[in-house]
Structures are given as C-alpha cells and as structure tokens.
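Asker: So Swiss-Prot has the following annotated:
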- His327, Cys362, Cys366, Met373: Cu cation A1 binding site (BINDING)
- Cys362, Glu364, Cys366, His370: Cu cation A2 binding site (BINDING)
- Glu364: Mg(2+) binding site (BINDING)
- 120-181: topological domain 'Mitochondrial intermembrane' (TOPO_DOM)
- 199-226: topological domain 'Mitochondrial matrix' (TOPO_DOM)
- 244-394: topological domain 'Mitochondrial intermembrane' (TOPO_DOM)
- 1-119: transit peptide (TRANSIT)
- 182-198: transmembrane segment (TRANSMEM)
- 227-243: transmembrane segment (TRANSMEM)
Amino acid sequence: ILCPLEAFIVQHILTISVMGLLSCFRSTVLRKCSKGSSGMSRFLYTNNFQRNLISSGGNESYYGYFNRRSYTSLYMGTGTVGGITSARIRVPNVGCEGFMCSSHLSITQRNSRLIHSTSKIVPNSEIQNITTEMVKTPEVSRWMDQVIPTIAPCDAAEPWQLGFQDAATPIMQGIIDLHHDIFFFVIQIGVFVSWVLLRALWHFRSKMNPIPQRIVHGTTIEILWTIFPSVILMFIAIPSFALLYSMDDIVVDPAITIKAIGHQWYWTYEYSDYNNSDEQSLAFDSYMIPEDDLELGQLRLLEVDNRVVVPAKTHLRVIITSADVLHSWAVPSLGVKCDAVPGRLNQISTFIQREGVYYGQCSEICGTNHAFMPIVIEAVSTKDYGSWVSSQVN
C-alpha cells in the first residue's frame, strides 16, 4: 500500500517514463504522400531538421535544402501532389523560422538566399533553373509542428542530435528496434529501483525509525533478485544474439563488390567487378572537401570530392583494409562499422533499401587528420548506377 506521497512520486515517474518511451518510437514514424509525375517521393516532416511546407497553385515541386550557413539550394521537378505544390526545406537549427515558396518572383535575403544547384542529393529528379520567392512564415512551421508530429530522415549527424540516424538497411532498423526494446526494460527497472530507493528513504529515516531493524539474511528476497534479473537479461540477450549473427552473415553471391582502402587521411575505392585484363579498372580516391571550397548546400567536414555510388535495393559486399595504420569504415545510417587493418581483409554485406546520400567517418583514431576522413555513400536507381559506371569506365 502506497502512501499519498509515494503514489504521487510513482505516478509522475511512470508518466515521464511513458513519455520517454513514446518519444523514442516517435522518431521512427514517417508519413509518406503519393508520388508526382517527376518520380520523386513526397514526405511530410515537421521537426526543426526538415519541413515540407505547402503552398497553393502552380504545377512545380520545389525541393530546397539549407546548409549550415543558412543558405538554400533549389531543386525543381515537374508534377504536383494532389494539385498542391510542395516545398521541402531543411532547417539548420531550432531557432530557424518556416518559409513559404511561390514561383515567378525572386528576392534575396540573408536567411533565405536562393542559389541554383545541380547537386545529386535528390536522385532521379530533373534539375532545372528557376527563380522562386522565399517568404518567411513562422506561423506555418508552428502549425505544422502541431498538426503532423513526424520527423525527417536523418542521414547525417546533426547538432544536439539525441536519437539514431534513420535506418537505410535492415541491419540498422534491427539495431534501432533492439534499442527500443531494451529501453522499455530499462524504464521499468529504473522506475522500480527509484520507487524502492524513495520508499526506503522516506520510511526508514531517523525520525520514523529511531531504532533500525538490522536484516542479516533473507533467502526469499535473494532468490527473487537473482531470478528476475536473469529473466530480464535473457529477454535482452536472445534478440541481441539474433541481430549479432545477422550482422555477420555474408552474401554468397553479391551483385557488387567494393574494396575500401584506408590511408592517412583519405579513402581509396575499387570496384572489383569492373577490372579486366586490359588494365581497365574503376578506382578512385575520396578526399574531404576543405571548408573553403565547399559549395552552397554541402556539409562541413562530411563532403568528399568523389562519392561511392551504389545501386539501391541490391546486395553489396564491401571489402575493407588499410595501407598504413588502423582505420575504421563506418556509416551510421547503414548500420555498418568495420575495422581497416593493414595486411588483413575484412568484409561486410549490406542491402540499402532506399535511395539517398549517407554520411560516415573514420571511427578509429589514425593520426593528426583522423577527423578529416569522411565517407559518403550515394544510393541511386539501377539505371542511374549503370549510367554512372559507363561514364566512369569510358
């Protein structure tokens, strides 16, 4: 039987725990709209990382991105979503306001500067030049936050990020699901331990219990606190082992094999399937783009001069090694992290489920410029991948 104070404390602890659990599951929710004639998927996102804001009229779909300098790169493809033009905007920080887009006018402001871009961040879209007015409408962003409680895919690390990057492979989705499952048990254990601690502090303080009762031994309670933790650990261990073994599964006949070689301080990639006896090969070095050379829309310390282009929805094998010291090839959205050891070949298998650009970094301290070894994976359609390979080989 709980006293009123205990009931009050337990009630609030349970409320906070449930809210925390719901917030974790909320991070995996996506609301997807229909496709337009341009073939680009429309999403609705409403947190401060990305927003899809709606404007009326017209028959174009505008895709805009903010980089960390609060500038905008514009992407335009034909087609509408239910007769409504959509604008996809990436907001760099919590204090940034929402924007509404309309065509045929052009203005330049410090926080909404419009720049034409031909980046391949949005695959399969027809990039065209167009002038568009960006009008500040903070009411729109607040309204969207209240109406649609979803968040955007996060394929690169963000400032003050608390959760995982969104999964692009079955392995990463399994990691996120396992985290949520374990977090449920952690909440229950935390609530129980907090209740026991607060109850002991309240009922056994010196005023209420001046002569303490000393308990030397209790068989029942010792059995209970041995059995229950063991059962909880079993519930945690079984799915953990299943996920661990699935991460070690190697595809016997992968569609594409890529070799990643770590150097101080850059990566070299070789597409082994396209090497032949005529000394024709597909290989390149991938260096980080210096901050002074970044174009608008590119991410600081994450962009490279040559991306690793792979087809989406295809079984891939990546062979990883090093030419000098220890490195580690890691891409969080793909759920992969593999050490690059000199004189040894490690391999991982992955299956990217959606098109996009995924950022990673070397995750093993390898010297002075360890922080300047980014990894960029661009997953495109099979058709675009074939065109890219043809252009590289020829």
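Using N, Cα and C of the backbone, Cβ positions are placed for all residues, glycine too.
Not measured: the values here are computed from a predicted model.
Structural setting of the listed features?
Answerer: A 10 Å cutoff on Cβ-Cβ distances gives Cys362 (Cu cation A1 binding site) a total of 25 other Cβ atoms nearby, all chains included. Under DSSP, Cys362 (Cu cation A1 binding site) is assigned to a strand (E or B) in the three-state scheme.
Sequence-distant neighbours of Glu364 (Cu cation A2 binding site) (same chain, 6+ residues apart, CB-CB distance under 8 A): Leu326, His327, Ser328, Asp339, Ala340, His370.
Within the same chain, residues 171, 174-175, 178, 181-182, 185, 189 sit at least 6 positions outside the transmembrane segment (227-243) and bring their C-beta atoms closer than 8 Å to a C-beta of that stretch.
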Asker: To which of the binding-site residues Cys366, Met373 does the lowest count of other Cβ atoms within 10 Å belong?
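Answerer: Each of the binding-site residues Cys366, Met373 was scored; lowest Cβ tally within 10 Å is Cys366.
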Asker: Count, for each of the binding-site residues His327, His370, the other C-beta atoms lying within 10 angstroms of its own C-beta, and report the residue with the smallest count.
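Answerer: Candidates: the binding-site residues His327, His370. Fewest Cβ atoms within 10 Å: His370.
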Asker: Name them in sequence order: residues not among His327, Cys362, Cys366, Met373 whose Cβ is within 8 Å of the mean position of the Cβ atoms defining the Cu cation A1 site.
Answerer: Gly262, Gln264, Trp265, Trp267, Ser328, Ala340, Gln361, Ser363, Glu364, Gly367, His370
